[in-house]
There are 2 protein chains.
Amino acid sequence: PGISTLIAKGVYDAAFPLHDVSVSHEVLFEEWAKYSAFYKYQPIDLVRKYFGEKIGLYFAWLGVYTQLLIPASIVGIIVFGYGVATVDTNIPSLEMCDERLNFTMCPLCDGACDYWHLSTACGTARASHLFDNPATVFFAIFMSLWAVLFLEQWKRRQISLSFSWDLTGIEEDEEHPRPKYETILLEKRQRKRQQKKKKKKKKNELTWKDRLPGYFMNISSILFMFGLTFSAVFGVIVYRITISALMAMSPDPETKSNVRVTVTATAVIINLVVILILDEIYGAVALWLTELEIPKTETNFEERLILKAFLLKFMNAYAPIFYVAFFKGRFAGRPGSYVYVFNDYRMEECAPGGCLIELCIQLSIIMLGKQLIQNNIFEIGIPKLKKLIHALKEKETTQKEKDEERPPKQWNLDYALAPFEGLTPEYMEMIIQFGFVSLFVASFPLAPLFALLNNVIEIRLDARKFVTELRRPVTARAKDIGIWYNILSGMGKLSVIINAFVISFTSDFVPRLVYQYMYSQTGTMHGFIDHTLSFFNVSNFKPGTAPHSSDQGDITVCRYKDYREPPWSSDAYQFSKQYWSVLSARLAFVILFQNLVMFLSLMVAWVIPDVPKTIVEQLKREKKLLVDLFLQEEKEKFQLIQSLFVKPNSQSPTAGQFWTSLCPESLGSRLLGNNRFAGGVDF
Amino acid sequence: PGISTLIAKGVYDAAFPLHDVSVSHEVLFEEWAKYSAFYKYQPIDLVRKYFGEKIGLYFAWLGVYTQLLIPASIVGIIVFGYGVATVDTNIPSLEMCDERLNFTMCPLCDGACDYWHLSTACGTARASHLFDNPATVFFAIFMSLWAVLFLEQWKRRQISLSFSWDLTGIEEDEEHPRPKYETILLEKRQRKRQQKKKKKKKKNELTWKDRLPGYFMNISSILFMFGLTFSAVFGVIVYRITISALMAMSPDPETKSNVRVTVTATAVIINLVVILILDEIYGAVALWLTELEIPKTETNFEERLILKAFLLKFMNAYAPIFYVAFFKGRFAGRPGSYVYVFNDYRMEECAPGGCLIELCIQLSIIMLGKQLIQNNIFEIGIPKLKKLIHALKEKETTQKEKDEERPPKQWNLDYALAPFEGLTPEYMEMIIQFGFVSLFVASFPLAPLFALLNNVIEIRLDARKFVTELRRPVTARAKDIGIWYNILSGMGKLSVIINAFVISFTSDFVPRLVYQYMYSQTGTMHGFIDHTLSFFNVSNFKPGTAPHSSDQGDITVCRYKDYREPPWSSDAYQFSKQYWSVLSARLAFVILFQNLVMFLSLMVAWVIPDVPKTIVEQLKREKKLLVDLFLQEEKEKFQLIQSLFVKPNSQSPTAGQFWTSLCPESLGSRLLGNNRFAGGVDF
């Protein structure tokens, strides 16, 4: 029972290495943790020396990621710039804004809403073009390859680091079981002993039977959490539907005109708040669930915790975005046959400019909001607050002791700091951000830029936290970033298919191509808007759903965005041939995009060698030296034996010096797999 | 300049290790190379001992592959059995055979051909169902996962072998350059020296400038070979088109009725012959091209050769199959607007039963033919023939020496054998076979069975060749099967997308599903055949293309297999809505299938650990022993030093024994990376 067991049992309160308030701490603060050092490379070797390999690797990884965000941001800005530059020459948005074309659209709600002109949605059409243009397709391909490149680059960096930090030989040693595991095992053994020793084999392990309740609890809780996330998303949808219906019924014209903006903005903010709250809850739940599973070792514990926390937080952060990208507006029905929820409220549709602009708004607000609030409140605000409270408390108690006038001891100072709680939250934050940068990047090319700006601050923020606000962590060795690499690589793979679907189904890229090359009479985009709008005969409105009063005069036919047969066709309002041909083109695009990008990714991963050339050469040289040394040693041993037998009395003082060359320290430690003690993981 | 240089320069004729005609050779022959041993596991350790690691690994790989073909064959037989069992209850094929339905089909050729009844194609429809049924979809998924499983299984086996064969530590040492490379380098250096030493830096390497002609020749030759392959395929197409047209015009009714069978059979046989001939040519061309590139080392040479040969042979073997699977019948046009080649001949269509049955025929004939002919002629026949010729020649020369009556020396016996020419042809044959088993398995579920039957023989055939018909190869070490693993893994990936396309585009699986769930009135398959046939008004035939005379009475409308608008529609003969909806469904199926299978493959690869558990434990134990030994040694050294200094005169005879324990041989060799001499790669 080491000190960790004693802490677990409450015998001790805490155990931590003291901060080394000397040169290295000072240098770290000056060169690394100051905001003014944001443009400098991190002193990774120093970080590793002070905090250990595990934390060193985290900061090295963060550095590589941030560095690679720079080219991605630049390309993203160029793509966005292309959208801005072409917005005035883009025919579809010009057509939407053209008042002469005068498309009369079907009302957006039952009864209370009037027919409206498409040209009033000019703004969103123009905004939509900023993010939905051919350059976006290129950018999506670029970012998928970027993700592969990032992983490859990190592999190389990791290998360089593990070489220069002497990690190449280390392997996971047999770990000690966690105190909790041991306690439960002990209980079980005692229980068994009391059962009159019926069975012979007393296993020294917990079996699946002991863990069954834990597993059961796990699965049901995770399903419950998923349900919670989905209900939160659904709740926000209901909020949006009801509020827009209510506001549309309001007599005030001011209110009416702002419906969409107000509803979208408030709904996204609600989403954001829900995400932030659930994020904290899910973190705690994942911890609790992992404890229930009683993993045997600390590594095991960490891995399970990470997987669970990632799954929950990923769902939480991305569920509303997935909804907007792939489901919103797909189940709204058509005029005369809308889909209703709770019998009264029509399902929501996308904005007239397309769903992509809504996805873009959703994505940017959640991403920025999450980063700003998490950075400012959770990482700066709350620690400051805690410190303040602590300081106030201290004041009372120290008031009495003040008279003694002793300078505070380092352990008292460090005890006042917050305990180090693992790197999981730090990694998690970055991984979720990586998702914003890769998964839906087709809809928001500025995401890498915002991620870059955030990370430049984040590095210094984390550094400052580690140097000044946390107790010095017990150093731990690690030869890689572990399961996070797998998660990153999985997200990279997922991003290919998601971006393919975003481009082909959420954006209007494919319908535009199909129109231009299959239906357009002139081979240009003129007439595209007309082509995408179907006709509806207002006499087919169900009773009570037609507008109560109309300013638009005598309307017989209104338009809506869909590919359906016109009222005068034999199978009126069925999906038209155009619908199916556009759908085919969309699906074909997904196949083409996915396979092209996967092929290019394989190429990129194949072209970049995992081990940098310099390291390969160095390893070769080292190996050669090692072999030479060994041969030398064998030879000298042999000579020594000979000398011992031939002239046993001629020992000279040089023998001592001789032995030193036989067991050079560096050789010994390298051969032994570098198992040197690295900072006392277990006291 | 070693012996290989001397052989390359023609100083020596050959250099080879002698066959060891003792116990191990005998045992190998009895236990391994006899056909009657086909059911036994191979004595891999003995093979490795006699032929070296590289050849041992090849046979181990072949063994794992053959073993894993057993479950694949069983599932394939079950899938085929399902087709056989359901052929009499399958509604589409029953409908096609039903004479009462009486579909009058449009003629198969211009002028000479008459209208015909669909029920006459009953046979192919029934045959088609054997391979094109829902079980095939399951089988395609199964085989994709099987391919992943095979690779994982091989990884495990390889690690076990490299552990028990002591290969874990070996790394590629600096190889010697090939003699050819050195010769050319020497020439270059001499040329440079003559050029008055203008430039200072004389590189000791060939640069890209020296290789440029080689590269250029390479690319152009490969492109030319690709062109050759494609023209061969196109030639066979033209043969098929013209012969069927000519035979259709023949007045003999016997000839007419057999058109399709005759043409298909002869065409496939021509394809097969072309493939076999080009295969040999391409093998030689790849060798020649690789020599032109002047690779530096033997490994480098082999890798480039394999890649090139694989590319060429893969194209050669699969081009006709790809054509039948994805292109045949897609560009035939429609009645009244057929596509013509050479102005006269209509492009060919698929058989009425669907393209899948043709793919199946093509695949089975090429696969079986290639295996039978290559095994029998190239691997048994030709060596036998060579031996015979050799024996005849020998007879003349030895006639004179016969009088001397000396028993022939082993080196003379071995010199009479064929030289060993590397494992590339052996691997290549198996890899191309792996392609038949994985790439198009959706169309031919019996492929694994035929592969299994072939391989059971192949192992013994190869073994016999190595033991009795080839000079004993110079043993070479290898820790894995090298680039072949990458090729296998690439084929596994490719097979997913190809099978997805075969199921969705070549087979009628998706149209049947769409009909059942979207168009069928009753929810059953009744009426499917009618649904897939479009109408054609015979008055729309172009002049001269209508049948000259008809036995079918007065025909006004004939049917053809396509989804097009009927003649009475406003846009007659355009693709109908059904066409686009079926196309969408086909594409959606591809996406679904590909992503599902990729996900499952990742799961399979993730679930199966690369290193078997027993090996992990053994490695741990070994490491612990090593560390203990080292500590022990250090301790003893220390004691020795002490004893030297404390009582220099007390040397006892035990010191010798003592030293032995200090440098145990196994420890030394393991630490030195097992660089022991393994059979003299370079004399």
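Cβ from N, Cα, C; glycine included.
Automated prediction, rather than curation, is the source of TrEMBL annotations.
Per TrEMBL, the features are:
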type: DOMAIN; residues: A:2-44; note: domain 'Anoctamin dimerisation'
type: DOMAIN; residues: A:47-622; note: domain 'Anoctamin transmembrane'
type: TRANSMEM; residues: A:58-85; note: transmembrane segment
type: TRANSMEM; residues: A:135-151; note: transmembrane segment
type: TRANSMEM; residues: A:215-241; note: transmembrane segment
type: TRANSMEM; residues: A:261-289; note: transmembrane segment
type: TRANSMEM; residues: A:310-327; note: transmembrane segment
type: TRANSMEM; residues: A:430-453; note: transmembrane segment
type: TRANSMEM; residues: A:587-608; note: transmembrane segment
The transmembrane segment (A:135-151) and the transmembrane segment (A:215-241) contact flag, 3+ Cβ pairs under 8 angstroms: no
Stretch-level contact, the transmembrane segment (A:58-85) and the transmembrane segment (A:430-453), CB cutoff 8 A, at least 3 pairs: yes
Top Cβ-contact partner of the transmembrane segment (A:215-241) among A:261-289, A:310-327, A:430-453 (pairs under 8 Å): A:261-289
Summary of DSSP states over the domain 'Anoctamin dimerisation' (A:2-44), given as helix, strand and coil counts: 21 helix, 0 strand, 22 coil
Chain residues in Cβ proximity to the transmembrane segment (A:430-453) (below 8 Å; excluding those fewer than six residues from its ends, i.e. six or more beyond): 62, 65-66, 69-70, 72-73, 75-77, 79-80, 131-132, 135-137, 139-140, 143-144, 146-147, 310, 313-314, 317-318, 321, 325, 356, 359-360, 363-364, 366-368, 370-371, 484, 487-488, 491-492, 494-495, 498-499, 502-503, 506-507
Sequence-remote partners of the transmembrane segment (A:261-289) [C-beta within less than 8 Å, at least six residues beyond its ends]: 214, 217-218, 221-222, 225, 228-229, 232-233, 236, 239-240, 243-244, 247, 305, 308-309, 312-313, 316-317, 320, 358, 361-362, 365-366, 369-370, 373-374, 425
Per-region confidence, the domain 'Anoctamin dimerisation' (A:2-44) (mean pLDDT, whole number): 81
